[in-house]
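A.B. asks: Quick paste of what TrEMBL says about this protein:
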- C:7-37: transmembrane segment (TRANSMEM)
- C:12-425: domain 'TRAP C4-dicarboxylate transport system permease DctM subunit' (DOMAIN)
- C:57-76: transmembrane segment (TRANSMEM)
- C:83-102: transmembrane segment (TRANSMEM)
- C:141-168: transmembrane segment (TRANSMEM)
- C:174-197: transmembrane segment (TRANSMEM)
- C:225-244: transmembrane segment (TRANSMEM)
- C:279-301: transmembrane segment (TRANSMEM)
- C:313-334: transmembrane segment (TRANSMEM)
- C:346-367: transmembrane segment (TRANSMEM)
- C:406-430: transmembrane segment (TRANSMEM)
Ligand code: NA
Ligand code: NA
C-alpha cells in the first residue's frame, strides 16, 4: 500500500504546487497591470485572459486532489456524527465511492472536451496576437482525475482496513498549534 | 409536435429577449403551432456556454456569439471583422447596421461554405444573424472631438481591434468586461468606453457618462449567429418544420437588428434629455478614423490569413465589399421591422432549401 | 410524474446525500447529472458536465476570491492581525462582545471594497475568527458573527448582485447602491445590538476581559495596529482614487499584505507556503460547490420551475402585501439551496412582472431581493458564506457550529425584511433624495 499511496501523494503535491504558483502569478500579474496602467499608462496585454483562463481555472481545479487527501471538503456532519460508528463507516464508504465515480465521470467528460479543444487548437485573439488556450482545458481532467484517484485509493484502503499511505499535510498555525482552545 | 428551448445570454426585456419572442411567434405561426419555442434568458446557458450548449443539446436553439471561439469559428469571425467597412461608407445614413446584417446573411448562406462548415462541425445549423449599432465614445468628465483629445486617454476596448485603434491614436486600450465599465468610469479608471449607445440603457451608464462622441471609433458588432439550431434536432425534423425554423431565423435576424437600431436612437435621445453633452468629431478626426479603418482592414486580412487559418481572406474581402454596397441601396427605404424582415426573406433566406440545407 | 415532481424528488435526494455527509460539491454534481439524465437524456446530462465547470471557473470577477483569501491568510500567518485585535481588546474591553463587534465593523469596512459577500467573508474570516477564539469567545459566536457580517458585503456598494439586478430590471445602479447602503448600515447596527444583548444575557459567549490598561498602554496598543491599517488604507485609497476596480482590489490587498509583512519582518517562506496552501484548498473546495450549484440551476431551469414559482407565489393571495410575502418565502426557500446569481437568473423573468403588478417599486424590490439572497448565503444546507468561514477556520469549528452561530443573525435579518416591507420608505428615502 505504502509506495502507491506515496506516489499518489506526490502527484497531488505536484498539481497543488502548480496551483500555488498560479495564485502568486494571479496576484502579481494583476498588481503589475494596475501599476503599469496607473503609473506608466501602458497596461499589460491580455491580463483578463491570463487571470481567468489560465490562473483561475488552475487554482479552481488543480488542488482538488489535495482537498480530497486532506479531507477538507465542505460537508455537513450534523446528522451523520450522531449515528452509530458502524453506520458512520458505511456512510464514509458510500461517500468515497460516490466521490470516486462522479469525479471520474467529470474527468472523462472534461477530458473529451480538452481533446476537442486540442484538436481545434483553441486560442484567443489578443492585441499582441494569438494566445494558445487549449492547454487550460486539460487542467480539468487532471484535477478531477486526481480527486477521483485519491478517493478510490482511500476507498480501497478502507475496504482492506489498511493504512492508505497518503501523506497527511498539516497546516501549522502560528497561534493555535500549542494549546487548543475549548471549542 | 416539436418543443424547442431557446437559450440566450441576455435579459428577457433586452433587444435580444424581445427578438426571441418574435422568433417564437414566427415559428408557431409558420408551422401552424406544430413547433413551439420557449425562451430561456440567461438562466440556462451564459453567453460563452451557448455554442457548446447547443452543440450538446442543452438547448435546441441558441444565440451564439462567434468571437468567443475564434479557433472554431475563424471564417465566421473574419466576416464579422469586415465591420470596419461601415466606417468607409461614402454617404452614411445610419442604416449601415441593417445593410451589414443583410450582407453578412447573404454571404454566409451563399458564398461562404467554410462558414457553414464551421457551424456544422459544432453540430449546429445557422439560420440567422444580426448586427449592433455603431460604437461611440462614452466618456466621463472628458470630451473627444479632435485627434489630440484621444492621446493618453484610457479607453475600454472590447477586443483586439479596439486595442489597435487605441494604440493607433496614442491612447490606452483597457480590456474590461462590459459589466465593470460602470464602476471603472465612475472611479476614473477609464476616461471613455467604446460601446454602442444601447449599452447606456443596458448597463445604466447614463448615470456616469457625461460626454458622448458618436461614430468614433465606429464599426459594429456582427459576430452573431442569432438562431443556431442543434443539428441532430434539425435533421430529425420534417421539411415543413425546418422551413418554419428558417422563417423564424429570418424574423430573429430582423428583430435583433431592428431592436438594436431603434434602441440606439432611443438611447441617444434619452441621453440628450438627461443633459449629457454630445460632441461632433472634427473632420480631421473623422478622416483619421476612416484612414485607420482602411488600414486595419488590411491588417486584419493579413492576420487572419497568416495566423488564424482563413485561407480565402483576400478573396472574401474582395467579394464582401460589393455585396455590402448593394445592401446599402436595399435598406435605403426600409422604415419598419416588418419591411426589414420581408427584405431579408426575399433576398436571402427564402432561397434556402429546407430539404437539403444543414444536412 | 410531472417534470416538477421529478425535480422535487431530486432535491430530496440532494438533501439526503448532504445529510449523509457526502461532500456538498459531489452531491450537487451527482444529483444534477442524474436529474438531467432521467428527465431528458444522456446527451444533455453528459454535455453539461463538459461545459459548466470550465466556463464557471474561467471568470475574471471570481478571481477576487482567491486574491482576498490570500490576503487574509497572509495577514494571519505573518501575525499582522495580532496588533489590531490587541488594540480592539484593550479599547473595547468595556463593551460586551467587543471583538465580535469590531469584526462586524471590519466586515462592513471590507464591504466597501469588495463587491461580493464571499470575498468579504474570505478576507475577514481568517483575520477575525482565530483572534476571537484566542480570546476565548465561543466558536459559535465567533464564526457566526463573521459569516453573517459578510453578507453586508453585497449590500454596501460596490455590489455585483445589485449591478446584475440593475442590468436585468433596468433600474438605476446608483439608486440601488444608495438603497443598499441604508439597508447595509441598518443590518450593521442590528447585528451589533444583537451581539451586545446576547453577550449580556450569556457572558460565557464572550468572556469579558478586565484590563486595567493605562492611557500610555492604550495608545501604545494603537501603535501596533499600523500593519493592518496600512493595508486597509492602501486598498481604500486605491479604490476610491480610481487606481483599480473592486475585482482588482483583492490582488492589490494581497500584494500590500506581503510587502507590509516584509517590513514587519514576519514574512517567512513557511508562512507564505501555509498561506498559499490554505488559499488553494479553500478556493477549490468552494468552487466545486459553486460549479455543482450552477449545474443544479440548469436542471431547475429546464424542469420549468419558473412557471411553478409564479403560480405558487400567486397562490398566496391577491393583495400586494400577500404576494410580496409569497415572494419572500419563495426566496428564503430558494436561498437554502441556490447561490444568489443562479437564483436571480432563474427567478427574475417571472418575479419582476409580479412585483410590477403589486405596485411595489422595482428599485425597492432590488434592495430587498439582495437582502433576501444574502440571507440565503447563511441558511443551511447551502450557505456559501458559512462554507467560506468553515473553509478558512479549518478544525476550529464544524459546519454545524457555524450554522448554529448564524441562527440569531438570520432571525434579525427576517425582522429587517419585515420592516422593509412594512415601511418601503426605509429603502427609498435616500435614493429619492439624490434622484436626478
Ligand atoms: Na460591497
Ligand atoms: Na442557503
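Glycine is no exception: its Cβ is also placed from the backbone N, Cα and C atoms.
Thinking about packing and proximity, how do these listed features fit into the structure?
C.D. replies: Residues of the same chain lying 6 or more positions beyond the ends of the transmembrane segment (C:57-76) and with a Cβ under 8 Å from any Cβ of it are 114-116, 118-120, 122-127, 130, 160, 227-228, 231, 246-251, 253-254, 256-258, 261, 271-272, 274-276, 278-280, 282-283, 286-287, 291, 392.
Same-chain neighbours of the transmembrane segment (C:83-102): 127-128, 131-132, 135, 137, 141-142, 145, 192, 195-196, 198-200, 203, 205-206, 208-211, 213, 217-218, 221-222, 224-229, counting only residues six or more beyond its ends whose CB sits under 8 Å from a CB of the stretch.
Remote same-chain residues near the transmembrane segment (C:141-168) are listed as 61, 97, 100, 103-104, 106-108, 110-112, 114-121, 124-125, 128-129, 132-133, 176-177, 180-181, 183-185, 187-188, 191, 195, 198-199, 205-206, 246, 340-341, 344-345, 348, 352, 366-367, 369-371, 373-375, 377-378, 383, 385-386, 388-390, 393, 396-397, 401-402, 404-410, 413 (criterion: CB distance under 8 Å, separation of at least six residues from the stretch ends).
Nonlocal intrachain contacts for the transmembrane segment (C:313-334), taken as residues 6+ away from its ends with a CB within less than 8 angstroms of a stretch CB, comprise 343, 346-347, 351, 354-355, 357-360, 368-369, 372-373, 375-376, 379, 417, 421.
For the transmembrane segment (C:346-367), the residues of the chain that approach it from at least six positions outside its boundaries are 155, 162, 165-166, 168-169, 171-172, 175-176, 179-180, 182-183, 297, 300-301, 305-307, 309-310, 313-314, 320, 323-324, 327, 330-331, 334, 338, 420, 424, 427-428, 431, judged by C-beta separation under 8 angstroms.
Non-local neighbours of the transmembrane segment (C:406-430) in the same chain are 144-145, 147-148, 151, 178-179, 181-183, 186-187, 190-191, 194, 198, 321, 324-325, 328, 360-361, 363-364, 367-368, 371-372, 374-375, 378-379, 383, 386; each lies 6+ residues outside the stretch with a CB under 8 Å from one of its CB atoms.
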A.B. asks: Which range out of C:7-37, C:174-197, C:225-244 gives the transmembrane segment (C:279-301) the most CB pairs under 8 Å?
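C.D. replies: Out of the listed stretches, C:7-37 contacts the transmembrane segment (C:279-301) most.
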A.B. asks: Averaged over the domain 'TRAP C4-dicarboxylate transport system permease DctM subunit' (C:12-425), what pLDDT does the prediction give?
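C.D. replies: Averaged over the domain 'TRAP C4-dicarboxylate transport system permease DctM subunit' (C:12-425), the predicted model reaches a pLDDT of 89.
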